[in-house]
Each structure stands twice: as C-alpha cells, then as structure tokens.
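Asker: Relevant sequence annotations retrieved from TrEMBL are reproduced here:
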- Glu65: active site, proton donor (ACT_SITE)
- Asn52, Val53, Glu54, Asn55, Ala56, Ser57, Tyr58: substrate binding site (BINDING)
- Cys63, Cys96, Cys99: Zn(2+) binding site (BINDING)
- 11-138: domain 'CMP/dCMP-type deaminase' (DOMAIN)
Amino acid sequence: MDSSKYNLSAQELQTLSSKAISAKAAAYCPYSKFRVGACILTQSGEYVIGANVENASYPVGTCAERVAFATAIVSGHHDFKAIAVASDTKPPASPCGMCRQFLNEFTTPAFPVYMYDSEGNYQVKTMQELLPDSFGPEDFAGERA
Ligand code: THU
C-alpha cells in the first residue's frame, strides 16, 4: 500500500489535532448539542477545517467530516494526507457510515483517520479498516450492463 505518503511529522499531527479540536467551537448543533470538529491536512501542507452543521429538519444536518471535505474539494484540493475528527466523548466519535462513504471518494485504503476524545487522546484507523469492501470511483471504470 501507498502508506508512506501518509506519514505525519509530530508537528503536523500536533497542528492537525489542535485545529480539529478548536473547530468544535464552530459547530452549529442546537439540536444534539454534540460538537464535532474536523481538520484535513492536504498533501500540499494546507489545513482545512469543518464542523457539524445541523438543521431544524434533522436529516438535513451535515457532519463535520463532510463539511471539511466538501470545503477542501471546492477550494481546489484533491490530494490528502490525513483527517482528524474531534468530539467531547470518550472513546472518541468515529465517522458515521455516510461520512465513511463520502471520504472514500477522495481517499485511498491507507488514508488515516485520527479520532480525538474529550481529553485529546486519539485512536487512528485507516479507511480500509473503517470501510472495507468499499464501492468507489474505480468501480465506474469497469464494464456496466
Ligand atoms: N457527527 C459528526 O459531525 N461527525 C461524526 O463523526 C459523528 C456525528 C454529528 C452529526 C450530528 O450533528 C451530531 O454529531 C450528533 O449525531
């Protein structure tokens, strides 16, 4: 696997985590009161944040991870090094099923997802671990009926 492109320096991980944790403050979550912050590090060394944005019509709300990735994509980024997700829970929140599929579109199986808990401790998992046997853009390359 192409895992070396996903090696973060200690400084990168420190910056990524602190931006994800501080992004929780930007959450709009009057319904769940469950704050989630996210931050993506691009391969070009930029950081893109997101937070969950809820809606009075509950299913319309969006998770922090999708806000961060959509922002990164429309900002012109297409090559990513890592994402950190921070919540106020212990153990930390991990991306929901919809977010795993959304991230799969823009990542590879070795892409790391760092999950931070309320005390700043993290667990890290790859996309392969979070979404095995995924369906993605490459599945459109084959022959279709
Ligand atoms: N949420 C996220 O933003 N990311 C996650 O990884 C888990 C859940 C949000 C969705 C909703 O606004 C709130 O947390 C409660 O589910």
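Just so it is clear, glycine is given a Cβ too, placed from its N, Cα and C backbone atoms.
Automated prediction, rather than curation, is the source of TrEMBL annotations.
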Asker: Are any of the binding-site residues Val53, Asn55, Ala56, Ser57 near ligand 1, with a Cβ under 6 Å from it, and if so which?
Answerer: none
Asker: For the residue listed as 'active site, proton donor', just give me the three-state DSSP call.
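Answerer: Note: the residue listed as 'active site, proton donor' is helical by DSSP.
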Asker: Around the substrate site formed by Asn52, Val53, Glu54, Asn55, Ala56, Ser57, Tyr58, which additional residues qualify by having Cβ within 8 Å of the site's Cβ center?
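Answerer: Counting only non-site residues, the set is Tyr28, Tyr31, Pro59, Val60, Gly61, Thr62.
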Asker: What counts of helix, strand and coil residues does DSSP assign across the domain 'CMP/dCMP-type deaminase' (11-138)?
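Answerer: Residue counts in helix, strand and coil order: 44 helix, 33 strand, 51 coil.
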Asker: Could you tell me the C-alpha distance between Cys99 (Zn(2+) binding site) and Glu54 (substrate binding site) in angstrom, no decimals?
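Answerer: Pair distance, Cα basis, whole Å: 15 Å.
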Asker: Considering only the binding-site residues Asn52, Val53, Glu54, Asn55, Ser57, which residue has the minimal Cα-Cα separation from Cys63 (Zn(2+) binding site)?
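Answerer: For Cys63 (Zn(2+) binding site), the closest Cα among Asn52, Val53, Glu54, Asn55, Ser57 is found at Asn52.
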Asker: For the binding-site residues Asn52, Asn55, which one has the sparsest Cβ surroundings, going by other Cβ atoms within 10 Å?
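Answerer: Counting other Cβ atoms within 10 Å of each of the binding-site residues Asn52, Asn55, the minimum falls on Asn55.
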Asker: Using a 10 Å cut-off, grab the number of neighbouring Cβ atoms around the Cβ of Glu54 (substrate binding site), all chains included.
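Answerer: Excluding its own Cβ, the number within 10 Å is 18.
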